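Chemist: Pasting a structure here, questions to come.
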Amino acid sequence: MLALINRILDWFKSLFWKEEMELTLVGLQNSGKTTFVNVIASGQFTEDMIPTVGFNMRKITKGNVTIKLWDIGGQPRFRSMWERYCRSVNAIVYMVDAADHEKLDAAQNELHQLLDKPHIEGIPVLVLGNKRDLPNALDEMQLIERLNLAAIQNREICCYSISCKEKDNIGTNVILLCNGLSSIRSRQVRFE
């Protein structure tokens, strides 16, 4: 009976209130950023992904939450744009190819350089280690150590291991983003 009442209250709340959040998704090229967007938006995984040139913006609605997601290219020529798209967002999602050990130094350096920018100070960060389905992929603890996440002190930071291909741990992170709005500077907007 209590579950039914909660569902009715949630439905009633959804008629009048809508939560919005804006996220920026950054990371080195081929880490799986655009694939992540496609998987959370449509549930579809595609092997033949074309690298993002510049940026893409996509709005995704999950329940009462609408996420405006900026997917920024990870090639070296686009990294200077990251800061601009990270300003005034609710959270930054930093994607890492957890199986590409040769790029981990660059991934660490780019992350720390980005987070040192004064205009994005305090914005929470969700680090996602993608491709955990591959045998040599680092797990969360290894990523935390390898990316030196403990050194990041001026913001909330979380690290999770996912597989876009297997759709593994994706739902957990979308729920984390949607339900964690109060801890990632949510804006509650009156729905007209």
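Glycine is treated like the rest: Cβ placed from N, Cα and C.
From TrEMBL, here are the annotated features:
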type    : residues                                                            : note
BINDING : G27, L28, Q29, N30, S31, G32, K33, T34, G74, N130, K131, R132, D133 : GTP binding site
BINDING : T34, T52                                                            : Mg(2+) binding site
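For each listed feature, how buried is it and what is near it?
Modeler: G74 (GTP binding site) is surrounded by 25 other CB atoms, counting those within 10 A of its CB over all protein chains shown.
Under the DSSP three-state reduction, T34 (Mg(2+) binding site) is assigned to helix.
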Chemist: Roughly how many angstrom lie between the C-alpha atoms of G27 (GTP binding site) and T34 (Mg(2+) binding site)?
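Modeler: About 11 Å separates the two Cα atoms.
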Chemist: Of the binding-site residues G74, K131, D133, which one has its Cα closest to the Cα of T34 (Mg(2+) binding site)?
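Modeler: Its closest listed neighbour, by Cα, is G74.
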Chemist: Rounded to a whole number, what is the top Cα to Cα distance in Å among the residues the record ties to GTP, namely G27, L28, Q29, N30, S31, G32, K33, T34, G74, N130, K131, R132, D133?
Modeler: 22
